[in-house]
Amino acid sequence: MRVYLISFFFTAIYVVSLYTFPVARPRPSLNRNDPKVITARCISVLLASSVCCILTRLIIGPSLNVFTFPTDQVLKSLLHAATIFIGPLYEVWIVDKEYRLFFIHLKDCLSNAIAWRNIIIGPLSEELTFRCCIVPICEAAGWSRLKIIFVAPLLFGMAHIHHTYEFLLAYPNAYIAAALQTVVQFSYTTVFGWYTTHLFLSTHSLFPSFLVHAFCNSMGLPTLYGKIGNRNQTRIYYTLLLLGVLIFYMTWGITDFNNHQDFEPRLVPLN
C-alpha cells in the first residue's frame, strides 16, 4: 500500500507544482503558451522533480545512478522509436522539404519558450519523476517487471488530467469535448508511458527514455487521415505509416538490453 501512496504523492507534487506561481494558476483567461506561464511552470516542475529525486534516494538508497549515458542503448532506443515515425519523417523531409529550413527551425526552437517546454523541460521533468523516481520505488517494493510497465504509467496518464480543468475554465459548457480530450490524452500518455518505462527498466538510465520522449514530442501525433502532398505522396505516406508500425513491432528486441548497470534495489517495506 505504501508504494501506491508514495507514487501518488510524487504525482501530486508534480501536478500541484504547476500552480505554485500565481501567474500559472488556472483561470478562464489563462494562456498556457504565454512565456511567463511557461517559465513559471518549467521552474516549478524542475523543482518538483528534484524533490522527488531526493526523496527517492532517501527511500531506496544511493545504489542507482540514473545519470549515466549508455551511448549504444540511447542510439538504439532512438532508432527504434523513429521507426514508428517513418511516415511523418517522410512527410516532413520529402513532401514538405523541411530539411531546407532545418537550421532556421533549430534556431527558432532554441529561442522559443514553447519548444523548450515541449521538447526539453517537459520530457526531462516527467521522465525524472515518473520513470527515475516512481519506477525504482516500485522495484524496491518487489513489483514484477510486467506490473511496473502496465501499472506505474497510469499515474503518468493521470498527471495530464489537470488539463481538463483548465479546458473547462476556458469553455465552461464543453463537457463532451472535455471528456473526449481527457480520454484521448490519458490513453496515449499511458501507452507512451508503457514504452518509456520499458526503456528505463532495460537501462536504468534517464537518457534513453528522456531523449525518446523529446523526439516523440517534437514529431507530435502522426496524421491519420487526409491528403499528404499529391496523390502518390499520400499513398507512400500511409504505406510508410503502416510499415513503420510493423517494423516497430518486429524490431522490439533491440530495446531488450541487459541493464548497463547492476541495480539491486534495496527492498523496503512499501507494500
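Glycine too: its Cβ is placed from the backbone N, Cα and C atoms.
The shown structure was predicted, so the numbers you read here are calculated from the model rather than taken from an experiment.
As recorded in Swiss-Prot, the features of this protein are as follows:
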- 3-23: transmembrane segment (TRANSMEM)
- 42-62: transmembrane segment (TRANSMEM)
- GLU126: active site, proton donor/acceptor (ACT_SITE)
- HIS160: active site, proton donor/acceptor (ACT_SITE)
- 174-194: transmembrane segment (TRANSMEM)
- HIS213: site 'Transition state stabilizer' (SITE)
- ASN217: site 'Transition state stabilizer' (SITE)
- 236-256: transmembrane segment (TRANSMEM)
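Between the recorded positions HIS160, HIS213, HIS213 has the most other Cβ atoms inside 10 Å of its own Cβ, all protein chains included. The DSSP secondary structure for HIS160 (active site, proton donor/acceptor) is coil. HIS160 (active site, proton donor/acceptor) and GLU126 (active site, proton donor/acceptor) have their C-alpha atoms 11 Å apart, to the nearest angstrom. Across the recorded positions listed here (GLU126, ASN217), the residue whose Cβ sits among the most other Cβ atoms within 10 Å is GLU126. For the pair ASN217 (site 'Transition state stabilizer') and GLU126 (active site, proton donor/acceptor), the Cα-Cα distance reads 12 Å.
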